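Structure first, then comments.
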Amino acid sequence: MKRQLVLEDGTVFTGEAFGSMKESVGEVVFNTGMTGYQETLSDPSYCGQIVTMTYPLIGNYGINRDDFETINPAVFGFVVKEFCDTPSNFRSDEDLDQFLQANDIPGITGVDTRKLTKIIRQHGTMRGILTAAETEETDPLKKIEATPRLNDQVSRVSTIKPYVSPGRGYRIVLVDFGMKHGILRELTTRHCHVTVVPYNYSAENILRLKPDGMMLTNGPGNPKDVPEAIEMIQKVIPSIPTFGICLGHQLLALACGADSAKLKFGHRGSNHPVYDYETKKTYMTSQNHGYAITKESIEKTELELTQIALNDDTVEGVKHTTYPAFSVQYHPEASPGPDDTNQLFDRFLQMIENYQTQQKEETTHAKA
Ligand SMILES: NC(=O)CC[C@H](N)C(=O)O
């Protein structure tokens, strides 16, 4: 069956439908990863977005039971140059078409994804619609216009109730804005006792758990759409060591008085070079974001710029100069992509240890 991807500017791409047959409107973004389509499709940060893979052959190693970043994919559509319906890999359990059908995600194959990507790069991110090619009765552009822009993606993908992944190590509260499993995996690998809480869990409830540390996860949409989290972070960071990733980084920075802005077409892929001023090293990072903290806004806060994107000089990391808190815009948990920055989880646990030692020393001094 024929299907079209129509962009807001009127550009039409015609291809073959696969996956779910439903019509879908979303923000059209591109991901430059050569592999990792399963992790990309299951990353909740794509809620509301139609994702294009720039790598031309997609589906060739199928879908397996191990590589999900959530079991509830939230992406609104999937665009490929060539869908491979004969996957060949020892881990493959089903093909991409079956996966997309089972999760009600519409796909389109046979699209000139290079042309599509060039358009998005020149014009900036646009909304688009995946629709049956034959539709004559309604103008696809009118349908895009009639579809309200989302501002509630985080509430769609966050957990509703808190839950615990037990461990004998540090007690970490993990605030779920649309968590990738990779973040939880890195903490449990390090024996942490993790309490995952909803995006709108209050500061009072978090402090009542007496955590050793707080982690703020990735998540979809505009960070300014989650004001309750910004308020919570302001109350928690003076006393609990905090580490933020991606949306969590943006929320931490907003909570400290910085500002965020939308990037022209974002960073999505597995090969984004980032320079870390602290280690004086460049790392390859996995990224997926459309917003960023603005550099100028950091200057008037108590934050310090710690990392920078080498492609476009945008903010990739900050740390608080008084409180034990730091964050990065990219994904140290990788999945997909390189795990060069995996040691940030160790840096976080080290920060907790240092903070607790310092607290003990201060209490001893106070008593003496
Ligand atoms: N992966 C993320 O957490 C993305 C953060 C935010 N939704 C953005 O697009 O910038």
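Cβ from N, Cα, C; glycine included.
Unlike curated records, TrEMBL annotations are generated automatically.
For the L-glutamine site, TrEMBL records Gly219, Gly221, Leu247, Gln250, Asn288, Gly290, Tyr291, and the single candidate of Ser24, Ser42, Ser45 listed with them is Ser45. Within the group of binding-site residues (Gly219, Gly221, Gly290), the Cβ with the highest number of other Cβ atoms inside 10 Å belongs to Gly219.
With a CB cut-off of under 6 A applied against ligand 1, the recorded positions Cys246, Asn288, His331, Glu333 are reduced to Cys246, Asn288. If you draw a 10 Å sphere around the CB of Cys246 (active site, nucleophile), it holds 31 other CB atoms from the protein chains shown. Restricting the recorded positions Gly221, Cys246, Gln250, Asn288, Gly290, Tyr291 to those with a CA within 10 Å of the CA of His331 (active site) leaves Cys246, Asn288, listed by sequence position. Taking only the Cα positions, the spacing between Cys246 (active site, nucleophile) and Tyr291 (L-glutamine binding site) is 9 angstrom.
Listed in chain order, the residues near the L-glutamine site other than Ser45, Gly219, Gly221, Leu247, Gln250, Asn288, Gly290, Tyr291 are Asn218, Pro220, Asn222, Pro223, Cys246, His289, each with its Cβ within 8 Å of the site Cβ centroid. The number of other Cβ atoms within 10 Å of the Cβ belonging to Gln250 (L-glutamine binding site), over all protein chains shown, comes to 30.
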